[in-house]
Each structure stands twice: as C-alpha cells, then as structure tokens.
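Heads up: the structure comes next, in structure tokens.
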Ligand SMILES: C/C(=C\COP(=O)(O)OP(=O)(O)O)CCC[C@H](C)CCC[C@H](C)CCCC(C)C
C-alpha cells in the first residue's frame, strides 16, 4: 500500500484467516484505522463512532512535538526537579499544548481546509461527510475554552503575577487562527506559514514549559525563535504530500513555488544549518559536551535526508519524518538541558 493511497474502507475484518491475501487485507485495514485515528494520511474513511471522528479531527500524531516542547522548556528553566507536584504541573501543561491547543489548531485547520482536503485527503472527517460543520465548530470552541481554563490554572499554580501561560495560549491560538482562516490564511504563503508552524511547534510550548518552572527571558525567546528556522524546514516536509491540490488552488507552498527537488533541498538545508548554528551557540556559552551531542544528532538526520527524502520527497516524506524526527527532537532536549545547565 502506498503512503498516500486510502485503502478500501469496505474491507471486512471478520472474513479473515482463510488465505494469506485476506490476512494482508486485515492488516492493511487495521493500519488504515490506526492512521485514521491518529490523523495520518493514507487513512480509511467510514468511521462511525463520533468520538473517534472527533479524535481524528484533532490529529493526535501532531501533539507529540508540542508535548515535547514543554519538556524542553522545563529543562531549559534549570529548575525542574522530580517532585510529584512538578510532574503534575508539567503533565497539565502537556495536556494544554497537546490535546487541547494542538487539538483546537488541527480542528480549526480542518474546518477551513475542507475544500482543499476534498482534493488532497477526501477521507478526512469533514469532506467525507462523517461529521457536520456545526459539530466541528462546537468542538474547536470547546477545546479553546478548556485550553484557556487550563492555562489560567497553571498560572495560578505557578504563582505567576502576570498570567504568562494564558497569554502564550491566547497568542498561540490567535496564530493558529490566522494560519488557517481567511483573510490572512498564513499557510497560503510558504515561508510565513511554515515559519509560523515551525515557531509555534518549537518556541511556544518551550516558552510555556520554561515559564512554568522559571522566568521566561529574551535569550530563551530569541534562541528558540532561531531554532524554529529548523522547524520551518520540518514544516516544509509536510507540503510535499499536497503539492497537486495546492497548485490547483493557488497555494504558494515551497514545492509549488520552487519545484519539488529545489524545495526539498531548501528544506534539508534549513533543518541542518539552524541546528548546526544552535550547536555553535552552545559552544559559545561553553556547553561543549552538549554542542557535540547536538552535532552527533544531526548526522543521522543528514543520512536519512540522503537515503529517503532527497531521492523522492513525495513518496518518502512520512518515512523521512519518522526516521529523522526523533533525532531532531532529542537535539531540542539536549539544547534545553544545556541552557538550563548554563543558567541562561
Ligand atoms: C494546523 C497546523 C498544521 C497543518 O497545516 P496544513 O494545513 O498545512 O497541513 P495538513 O494538510 O497536514 O493539515 C498547525 C498550525 C500551528 C499553528 C500556526 C499554531 C499552533 C499554536 C499552538 C497549538 C499553541 C500552543 C500554545 C502553548 C501555550 C503551549
């Protein structure tokens, strides 16, 4: 099964076990259902449980980097200790950045993308008719309000005189709105949209995690915004799967603007260069060991870029992300620990 081919939603799991072909069908069906629930491409349509459809809209697979960002921020604060209270605080902040605010972001994005998804991903809940537009609107409003409630609770818990986490959440949800909704629809512009995405995925949850355990300062803000330029590269990877639909609808993604191969090259240069420059910064603050680990973590990413992504960015985008991203996110944590160690 190709990464982007939805499998037949009508295949019957119970017909199994009679022949190897039918076993393959069952495995494919299960894979497609898991993909559907996590919000990955190559999913099957035909889900009937409204709760599973709602979860599918929230694309759980995309929560991971934002949850991770909170961990990096807690590390960079230099104040995280393993107490039950700190653990619960960070878990609540992860709930905020993952299921609630990323869930809100993905739901609102699917709502405003319903026409383009009818071309690129017709099995998504809205174009497939699995959920009504009214139900989708009530879902993103509820997630947003719950998010603000949790953010304010975290501010009270951390004793913030200014409700920093709430302000970050309001700012993040505003960026998420203008990213997806007209008239701005930042995602229509390849550079701006992908930077908004990269920065929101790396910098915003990092700031929230840092603010929860320490004082958010401009050095952390600038450095994470700089790191987000590597996130911009990661965001570009997401654009290859929809190049045809984007072209038809006039979306200026990088693969549409520069062509697939040049965009892939820009993408990997951004990813490697900005992580490398962050490693350089770590050397400048005498965190040489962490800088060396960060460089070591860039090497497998370059290997996977060469093995998969640059050879065929459209066919291998998901394979590349799955292989290389763990090294990128580990690098983020190494950087967070280094900053905490240096007392930045
Ligand atoms: C919707 C997003 C990506 C999907 O984009 P796209 O439509 O191009 O791709 P698909 O075809 O795969 O759907 C993510 C957009 C992110 C957004 C700009 C901002 C996110 C904000 C955070 C959730 C806020 C976190 C705040 C905090 C305090 C933890």
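Glycine too: its Cβ is placed from the backbone N, Cα and C atoms.
Automated prediction, rather than curation, is the source of TrEMBL annotations.
The following features are taken from TrEMBL:
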- 1-22: region 'Disordered' (REGION)
- 61-81: transmembrane segment (TRANSMEM)
- 136-154: transmembrane segment (TRANSMEM)
- 160-179: transmembrane segment (TRANSMEM)
- 191-208: transmembrane segment (TRANSMEM)
- 220-237: transmembrane segment (TRANSMEM)
- 258-283: transmembrane segment (TRANSMEM)
- 289-310: transmembrane segment (TRANSMEM)
- 322-342: transmembrane segment (TRANSMEM)
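When Cβ-Cβ distances under 8 Å to the transmembrane segment (61-81) are tallied for each of 136-154, 160-179, 191-208, 258-283, 322-342, the top count falls to 322-342. If one looks beyond the transmembrane segment (160-179) by at least 6 residues along the same chain, the residues whose Cβ comes under 8 Å of a Cβ in the stretch are 93, 96, 101, 104-105, 108-109, 144, 147-148, 151-152, 154, 185-187, 193, 196-197, 200, 204, 207-208, 211-212, 216. Using a Cβ-Cβ cut-off under 8 Å and counting only residues 6 or more beyond its ends in the same chain, the transmembrane segment (220-237) has close neighbours at 76, 190-191, 193-195, 197-199, 201-203, 206-207, 210, 253-255, 263, 266-275, 277-278, 281, 309, 313, 317, 320-321, 325, 328, 332, 335, 339, 344.
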